[in-house]
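Worksheet: one structure, shown below.
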């Protein structure tokens, strides 16, 4: 039976959906963030340099984000549940296939193409579904879902290092294949929801299903352009933060501690930023600009940390810089997705999420190999992190073109009002209501 359209429940089963989004995020980006610990083993076994091994994560990120509109379109046509469940199976098969790799090309195909394709089918549909279940608590709910990234990094970074030490990189990838298979039951929890802002009919063409018409909206075009630049630098720490810590003189577990410090900051910031944004004190586009700029400054600080004296050192300055980066990046992450309903409306949020991931893929494909190239040329990752911080700052500057990103000279409106489901930054439609006892209609803009 087709459910009757209604408003977002703002709770109830929505918290189960948010928990499923938490697990989906942890088993996608959390795994990718920790996978850099295995790159030195890849480089040593296949006798390749840092630039060539960086293409493993670069391809996984690029495929996952470039194919995200496909995952959104398939979920629009066939539903979120089956699409996410199939994506979980593909991701698991990618890790299992890579565990038997005999060349770096096999890792490109297994982790980059196969696992990346699976992640493309799970992330955008799951995160879009979380946004559809909430209105007033949307940023908090999305922040809780995106906490899976930091929580997974916090647990997986030391666990993966332990697996590498005891079972080697092949055994570690095989076990990660079993772990990522849990994406399938997460998809089963994504119960479909019909909302009043949904399109009345399914898209008739593949281009319409992809939502390419959203690029005709100027605000959405500004958002995607800035996000593409941010993506060049945003994902470099996912790949090279652990190798950067090793390059600065820390041991394997010291590098894992640096990744864990970034994860702790990331977790705390997503909760705090979600609560702050839901209060309505500051417009979401302005918060997005501020925390994007702080993320860029945090990456610059990570790159300028001096060399540690010995492997037994805790690396205090690098730990602090990684924590600052985690706080700012964790605040930025939920905002980039929660601003979408205000720009495109709740009915288009799943398609918009896929398109934003597509634009992020352009940066995700360029950033890690460019970072590896700079490392090979200069001998360390200092230039790499300075470069990625500059790209993030450039993208944050473009966000200033979003509505309400800059303070207005007019008197501020009453804070705390939740954004309408048609979009706070979109025109408010006038609806004609008919009273049972009055044949004349009255205009209402509620």
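Each Cβ is built from the backbone N, Cα and C atoms, and glycine gets one as well.
Note that the structure is predicted; figures quoted are calculated from it, not measured.
The domain 'Major facilitator superfamily (MFS) profile' annotation in TrEMBL covers 14-407.
Same-chain neighbours of the transmembrane segment (12-32): 57, 60-61, 64, 84, 91, 119, 122-123, 126-127, 129-130, 133-134, 141-142, 144-153, 156, 176, 179-180, 182-183, 186-187, 189-191, 238-239, counting only residues six or more beyond its ends whose CB sits under 8 Å from a CB of the stretch. According to TrEMBL, the transmembrane segment annotation covers 12-32 (among others).
Among the features that TrEMBL reports, transmembrane segment is placed at 83-101 (among others).
Here the transmembrane segment (107-127) has long-range neighbours at 20-21, 24-25, 28-29, 35, 42, 55-72, 74-75, 80, 83-84, 86-95, 97-98, 101, 142, 145-146, 173, 180, 183, 186-187, 190, 337, 350, 353-354, 357, meaning same-chain residues at least 6 beyond its ends whose C-beta is under 8 angstroms from one of its own. According to TrEMBL, the transmembrane segment annotation covers 107-127 (among others).
Annotation comment: TrEMBL describes 139-160 (among others) as transmembrane segment.
The annotation transmembrane segment is assigned in TrEMBL to 172-190 (among others).
Feature annotation from TrEMBL assigns transmembrane segment to 220-241 (among others).
Residues or ranges marked as transmembrane segment by TrEMBL: 253-275 (among others).
Feature annotation from TrEMBL assigns transmembrane segment to 287-308 (among others). Listed as Cβ neighbours of the transmembrane segment (287-308) (distance under 8 Å, sequence separation of 6 or more from its ends, same chain) are residues 226, 230, 233-234, 236-237, 241, 244, 248-250, 254, 273, 276-277, 315, 317-318, 321-322, 324-329, 331-332, 335-336, 339, 381-386, 388-393, 395-397, 399-400, 402, 405.
Summarising the annotation, TrEMBL assigns transmembrane segment to 314-340 (among others).
Under the heading transmembrane segment, TrEMBL lists 352-371 (among others).
Under the heading transmembrane segment, TrEMBL lists 383-402 (among others). Within the chain carrying the transmembrane segment (383-402), a Cβ under 8 angstroms from the stretch's Cβ atoms is held by residues 219, 222-223, 225-234, 236-237, 240, 244, 285, 288-289, 292-293, 295-300, 302-304, 339, 363, 367, 370-372, 374-375, 377, all 6 or more beyond its ends.
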Spatial neighbours of the transmembrane segment (83-101) far in sequence, C-beta under 8 Å, 6+ residues away: 24, 27-28, 71, 74-75, 107, 109-111, 113-122, 125-126, 170-171, 173-174, 176-178, 180-184, 186-188, 190
Folded-back contacts onto the transmembrane segment (253-275), same chain, C-beta under 8 angstroms, at least six residues removed: 33-34, 36-37, 139-144, 146-147, 149-154, 157-158, 160-161, 237, 241-243, 245-246, 287, 291, 308, 311, 313-315, 318-319, 322-331, 333-335
Close approaches to the transmembrane segment (352-371) from elsewhere in its chain (Cβ under 8 angstroms; 6 or more beyond its ends): 51, 54-55, 57-59, 61-66, 68-73, 120, 123-124, 127-128, 131, 210-212, 214-215, 220, 223-225, 227-236, 238-240, 336-337, 340, 343-344, 381, 384-385, 387-388, 391
